[in-house]
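A short write-up of the structure that comes next.
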Amino acid sequence: MRLEAAARMDLFRKLWRARKLILVVFIPLSLLPLPLIHPTSEACCAYVLMVTAVYWVSEAVPLGAAALVPAFLYPLFGVLKSSEVAAEYCKDTTLLLMGVICLAASIEKWNLHKRIALRMVMIAGAKPGLVLGFMCCTVFLSMWLSNTSTTAMVMPIAEAVLQQLICTVEIEIPNVKRVKMRRDSQYPTKRDHMICKCLSLSITYAATIGGLITITGTSTNLIFAEQFNRYPDAKVINFGTWFIFSFPIAIIMLVLTWLWLHFLFLGCFRETCSLSKKRKTRREMLSERRIHEEYAKLGPIYPEVVTGVFFILMTLLWFTREPGFVPGWTSLFEKGYRTDATVSVLLGFLLFLIPARRPFSSSSCCKNSDDSESDPLAPMITWKDFQRLMPWEIVILVGGGYALAAGCKVSGLSVWIGRQLEPMSGLPPWAVTLLACLLVSAVTEFASNPATLTVFLPILSALSETLHINPLHTLIPSTMCVSFGVMLPVGNPPNAIVFSYGHVQIRDMVKAGFGVNLIGVAVVMLAITTWGVPLFNLTEFPAWALARNVTGSL
């Protein structure tokens, strides 16, 4: 009996190790009767959509590899030609992302992000405003860099400050009684552990909030932007309109998240926010000294100035391209040829040409690059710098989403899905949007954000067209809420980075993340029902959506 039990356990272990391979083989075979029994273009497209969606959600294969499934299944089933599918994998947003990554590479290479972060923390000081200071600088950086990169940059700075605080307490209170809990032995007091938890989680949440502000702030925003290009006559989404809508959301979420974390881990504000303490404690002075020492190590500033100028120039050109309330600079040229990608690629290209050393300077000012020491004309960034940061997996993932959307449109599957959702026509628009937000924010806790949004956007587009709701009423809130996968370490990479430092446990992330999730959904719903209405004219079913709906029905 023991041998049989051991054999069964060994078999189960082998099956568990091979579960992904089993899933990769089982799912296509189990769904194959659908296109065989119903050999229509809609059924074939649905088969490809379901196989790709299961691969994405289960992560049985890498996300980028799963995104290539439409590239060979659509031609095999006769849904789209191979050349038509291939054209979907490189769009305008791909070039936009490449230009932004060039700027991000320059920011990271010359430590502009670190200078900004340290300067903002120096302004906030080592008082309770320290958490808010870290959150503000994280939000700002995450507007332009990926959430993962921002968290990876800011956490080491925060960790250095936290370790300084802990060491200082041990100096001040050598006989302090330690908290008798697992993982807590490194903390002199329970309050120090709570401070570490609060600051660590505040950084991952701030990175998520910052990614909402700009259309390039996170990959899910780019997925939405290209998905929305399926409405060719819609000219309502650009860098400026997205920023105007999302910036108040980020500010409100930032303040409420800070208050929630402070209340959850540090208690009331009476003690921590008291302004009566005029003299700084020893721990505050040592923490501020540590921050100033890190700031002094940054060295020459010339490459950072050049990067900062490019950063400001790119932002201004994005804002003024088509601001809406006044003619933009594109009105000087023939209409329809220039987009935000034009600006980002142009400035990104120039970063490969402009020397990183100050002109006519005999001394080297570029300590971050060995090439700059030997070559006075070495550029701000090299191709290796760009290649190191370029998220090619996200590019292919986004392309796979475009290919799926194109197949749904050509095959008529999107129209069929819309007809099945007609029973929801009795619901008001805000209720439909709320259901969509709650659904995507729940699914994204267990699946990757880009994969979740790529699956849901075509369905929500078809739903909006069927119910004659402005598609932006559901697409924009869903795009924002898909970023709120903040309750588990597997929810998104920033969560995993913060969790790896060991200050927080899963129950801390679940408890804090649940509150942040509710705050996010509530604020997004407030935005889409108030200032989003006049900004995007959400009270009417737009002509550009009606035209596409009629075309798709034909």
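Each position is counted from 1, following the chain as shown.
For all residues, glycine too, the Cβ spot is worked out from N, Cα and C.
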Ask   = Quick one: which of 5-25, 299-319 does TrEMBL have down as transmembrane segment?
value = 299-319
Query = Between 194-216, 236-269, 299-319, 514-536, who has the most Cβ pairs under 8 Å to the transmembrane segment (429-447)?
reply = 514-536
Remark   = The answer for the transmembrane segment (299-319), taking Cβ pairs under 8 Å and residues 6+ beyond its ends, is 99, 103, 106-107, 109-112, 115, 144, 238-240, 243, 329, 340, 343-344, 347, 350-351, 354, 356-358, 365-368, 380
